[in-house]
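Undergrad: Here it is, the structure, as structure tokens.
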Amino acid sequence: MKMGSSETQVLVESLPSDSSEEQFLAYEDEKIQHLVPDTRPRPSFLSIIQEPFLWLRMLCKQLNTSFVFGVFLVYGFSQGFSWSFFRVVSDYYWKDVQKVQPSAVQLYIGLYYIPWVMKPIWGLLTDVFPVRGYRRRPYFILAGVVGVVSALTISFHGNLSALVALVCLIGITAGVAIANVTIDACIARNSIEMPSLAPDLQSLCGFCTSVGALIGYSTSGMFVHQLGAQGSLGLLAIPSALLVLLGFVIYELRSSMRSEKKAALEKVGGAINGMYRTMKIPQVWKPSVYMYLSLALSISTHEGQFYWYTNPKAGPAFSQEFVGMIYAIGAMASIVGVLIYHKILKDYPFRTLIFYAQLLYAATGMLDVIFILRWNLKLGIPDYFFVVLEECVSRIVSRIRWMPMIVLSTKLCPLGIEGTFFALLMCIDSLGSLSSKWGGGMILQMFHVTRTDFTNLWLVLFIRNMLRFATLSFIFLVPKADQSDILIPSDLLMRAQAAPTLNTEEEGLKLVSMNEKFEA
């Protein structure tokens, strides 16, 4: 396109006088681009369908195929499917088999988080105590065996006491937790080494978890109806058995460092010292405190709501299949939340995104109060439609709120002890969830919410929402940095990476590709 003399004069006059020749050329190109119409083709329907597959291909190329496969298995089957299936089935088990009050169930469920609180211990074991030179494979096998034994014990032994049943259910969650911390070490290291892929990794984890949860929730009500709650718990042995298989077939480089007791103790000391040194940094402990408070202050009232959902007199009396379907639709909404984060929100600063997500989380919590008070019926909205709407909104907002906090956690881990330190941060989150469950149980007990009396349930939910709003007063603890920034000092990363007590000549965190495995 040819420019007239008047346009050239305006262009020269608008150019700063101290610009160099290169700046002038770049400036001129920019002006010309504005004059040339955009002729790029719009994305076709086929390209939209291919986009997620191309994204997965990119992750496999950048990170290697077996790592992505491990994420699918652990996050999709073990954590996504097992945890969602377990959530519905165990609720019916306590309600119909053990016949426990909802406030007591809240306290029992809080104990499910004990294996997750112990994640730093699992992290230390996988980081500094290899078994026959392997750091990951033995712990996948251990996780699977614990899960299989626990699931089969509670399924085939009738008339178990509440204590024995609780131990078995904690064992099931322990298998999931051990497998989770093992794969999390790989995720944390890859997030540090390739910070631009950190949001993509969490999107992959969130997608796998949501798809697995969708399958688990969809089938849970049907299996409870056909097999009963106790028989359905036995099906959780299948994902655990897959973890055992994973431990045998996954390829991992064998560590060349001898696992002597003295060397192991030195490595434990180095890991503890590294965690202490890292946790003292304000950029680390401040967001850690916020993540705990955001979970602990949002007290859980799930069991009170579940008992009300299924009550034929005070509540809407939802069937077993429909309860599972509610959660399944919520899992689909959770996938939508992952997509919204991945496509729109992953480039926003941490503080801005978390603030508005928490604000929306507190505001949408009022939908529960409207449902319990049955105002939806006064508005002409049926229970079945309103509960699905409420579940979808809650899941989308919860996922958008949670994912930047997980990305933030991966950014706080120093190299060399990333598995242990990420497990420590997840331990803090688990303590927050445990506090939420126990706090909710105490509030339910305080306001006399029982198996049949739900008079004050709306008030408990209102208190929960006010606490969610109160969490916003601690938003100053979250850094203003972008999600692709490096948050901890570079000298700490260098010291951790160079520490001889924690590294081996051959990296055990990163799994080799499937092609290399088959060629071997």
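Backbone N, Cα and C atoms are what each Cβ position is placed from, and that goes for glycine too.
Sharing the features that TrEMBL gives for it:
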- 67-86: transmembrane segment (TRANSMEM)
- 106-126: transmembrane segment (TRANSMEM)
- 138-156: transmembrane segment (TRANSMEM)
- 162-183: transmembrane segment (TRANSMEM)
- 204-227: transmembrane segment (TRANSMEM)
- 233-253: transmembrane segment (TRANSMEM)
- 289-310: transmembrane segment (TRANSMEM)
- 322-341: transmembrane segment (TRANSMEM)
- 353-375: transmembrane segment (TRANSMEM)
- 412-434: transmembrane segment (TRANSMEM)
- 454-478: transmembrane segment (TRANSMEM)
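Help me see these features in their spatial surroundings.
TA: Note on the transmembrane segment (162-183): residues 70-71, 74-75, 78-79, 82-83, 86, 90, 93, 98, 100, 108, 111-116, 118-119, 122-123, 126, 136, 139-140, 142-151, 153-154, 233, 236, 240, 243, 419, 422-423, 426 of its chain, located 6 or more positions outside it, place their CB under 8 angstroms from a CB of the stretch.
Proximity of distant same-chain residues to the transmembrane segment (204-227), defined by a Cβ-Cβ separation under 8 Å and at least 6 residues beyond the stretch ends, is recorded for 56, 59, 68, 71-72, 75-77, 79-89, 92, 187, 235, 319-328, 330-332, 334-335, 337-338, 341, 399, 403, 406.
Remote same-chain residues near the transmembrane segment (233-253) are listed as 66, 70, 73-74, 77-78, 81-82, 85-86, 89-90, 93, 134-148, 151-152, 154-156, 169, 172, 175, 179, 223, 227, 506-508, 511-512, 516-517, 520 (criterion: CB distance under 8 Å, separation of at least six residues from the stretch ends).
Same-chain residues lying 6+ beyond the ends of the transmembrane segment (454-478) with a Cβ under 8 Å from its Cβ atoms: 286-287, 289-290, 293-294, 297-299, 301, 304-305, 307-308, 311, 314-315, 350-351, 354-355, 358-359, 361-362, 365-366, 368-369, 372-373, 408, 440, 443-444, 447-448.
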Undergrad: Give the one range among 67-86, 106-126, 138-156, 289-310, 322-341 whose Cβ atoms make the most pairs under 8 Å with those of the transmembrane segment (353-375).
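TA: Out of the listed stretches, 289-310 contacts the transmembrane segment (353-375) most.
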Undergrad: When you scan the chain for residues with a C-beta under 8 Å from the transmembrane segment (67-86), skipping those not six or more beyond its ends, what do you find?
TA: 56, 59-60, 143, 147, 169, 172-173, 175-176, 179-180, 182-183, 186-187, 190, 201, 204-205, 208-217, 219-220, 223, 232-233, 235-236, 239-240, 242-243, 246, 250, 327, 331, 510-511, 514
Undergrad: Cβ under 8 Å, sequence separation of at least 6 from the ends of the transmembrane segment (138-156): give me the contacting residues as numbers and ranges.
TA: 78, 82, 122, 125-126, 130-132, 165, 167-172, 174-179, 182, 230-231, 233-237, 239-248, 250
Undergrad: What residues elsewhere in the chain lie close to the transmembrane segment (322-341), defined as a C-beta under 8 angstroms and at least 6 residues from its ends?
TA: 84, 87-88, 199, 203, 206-207, 209-211, 213-214, 216-222, 224, 306, 309-310, 384, 387-388, 391-400, 403-404
